[in-house]
Amino acid sequence: MEIGNHSWKTDFILVGLFQYGQMDTLLFTVIAILFAVALIGNITLVHLIRLEQTLHTPMYFLLSQLSIIDMMYISTTVPKMSANFLSDTKTISFLGCEIQAFMFLSLGGSEALLLGFMSYDRYIAICRPLHYPVLMSRKICCSMVVCAWSSSSINALVHTLYAFQLPFCRSRVVNHFFCEVPSLLSLVCEDTSQYEHTILMSGLVILLLPFLAILASYARVLVVVFQMRSGKGQSRAVSTCSSHLTVASLFYATTLSTYTQPHSLHSPARDKVVAVLYSIVTPVLNPFIYSLRNKEVMGALRRQMG
């Protein structure tokens with residue numbers, strides 16, 4: 001009990017991403033640029049969808065929600081990591097670590113579910129266009145967003161409350177650049193194998209199921225498109241689907257590798273590289289993949305710029 005009480009009073013030490021001497025400044029600069037690009041890209045997309053009447057459709061409503069999540073998602077990790085680097089401190093309070101872990105799990109789960117709903121939207125629009133106004137009404141779209149936020153938040157709350165009541169009686173050094181539940185388990189001085197099974201089940205439900213839904217939706221979309229006679233339409237659909245699948249696969253493959261692997265197979269160095277891909281790179285790519293290859297968005301952007 002003394003150990004458990006002690007764990008509540010001690011700050012964690014984040015090893016961070018910058019550990020390579022002269023490369024620190026360069027790596028920090030790259031991360032800072034990516035952070036700025038992600039914020040500018042997502043803010044621009046949200047603002048554009050809000051202003052442009054032609055973009056007030058279910059697809060762009062879901063896309064605006066994805067951009068909001070991405071802005072919050074990358075802001076959960078990069079500012080604290082940057083502050084630690086600039087101030088030459090590596091500590092984070094117990095409560096701060098707990099809040100960061102909750103926000104990261106909640107936003108990551110919301111994005112995973114929302115990407116699945118977005119693929120369903122494209123499936124209905126192309127494969128069942130006559131039913132689209134009914135199956136993707138504003139009420140249903142709002143329900144999708146509420147479902148994504150609420151279910152991921154509940155999942156994050158359960159994991160955060162359980163993980164942070166475990167006895168952290170080993171080193172307080174977290175070999176990561178932010179507080180992520182899998183990276184904290186190495187500090188626990190009791191058997192966490194049963195809890196790891198719970199993490200695995202959550203990962204399969206929140207990450208794998210939406211990813212399988214995306215694959216099934218786009219597979220059906222491509223089948224329908226290839227039944228058309230328009231070669232131009234086929235090439236455009238293949239190009240769009242491939243770009244969307246590339247970004248989605250990057251996000252789901254990296255998160256699944258972190259949250260479905262046993263703790264014994266985790267490597268801190270590899271985990272940090274993988275975390276950069278789904279926590280920093282993906283929020284940067286999303287607004288560009290979903291907008292630059294979209295004529296409606298680019299047309300709206302040109303109109304807004306005069």
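Heads up, residue numbers simply count up from 1 along the chain you see.
Including glycine, each Cβ sits where the backbone N, Cα and C put it.
TrEMBL does not curate its annotations; it predicts them automatically.
Feature annotations, reproduced from TrEMBL:
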- 41-290: domain 'G-protein coupled receptors family 1 profile' (DOMAIN)
- 26-48: transmembrane segment (TRANSMEM)
- 60-79: transmembrane segment (TRANSMEM)
- 99-120: transmembrane segment (TRANSMEM)
- 140-164: transmembrane segment (TRANSMEM)
- 199-225: transmembrane segment (TRANSMEM)
- 237-253: transmembrane segment (TRANSMEM)
- 273-292: transmembrane segment (TRANSMEM)
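With a cut-off of 8 Å between Cβ atoms, the residues of this chain six or more beyond the transmembrane segment (99-120) that come close are 59, 62-63, 65-66, 69-70, 72-73, 76-77, 80, 92, 144-145, 147-149, 151-153, 155-157, 159-160, 163-164, 178-181, 184, 206-207, 209-211, 213-214, 217-218, 244, 248, 251-252, 255, 278-279. Confidence across the domain 'G-protein coupled receptors family 1 profile' (41-290), taken as the mean pLDDT and rounded to a whole number, stands at 91. Most Cβ pairs under 8 A with the transmembrane segment (237-253) among the ranges 26-48, 60-79, 140-164, 199-225, 273-292 are made by 199-225.
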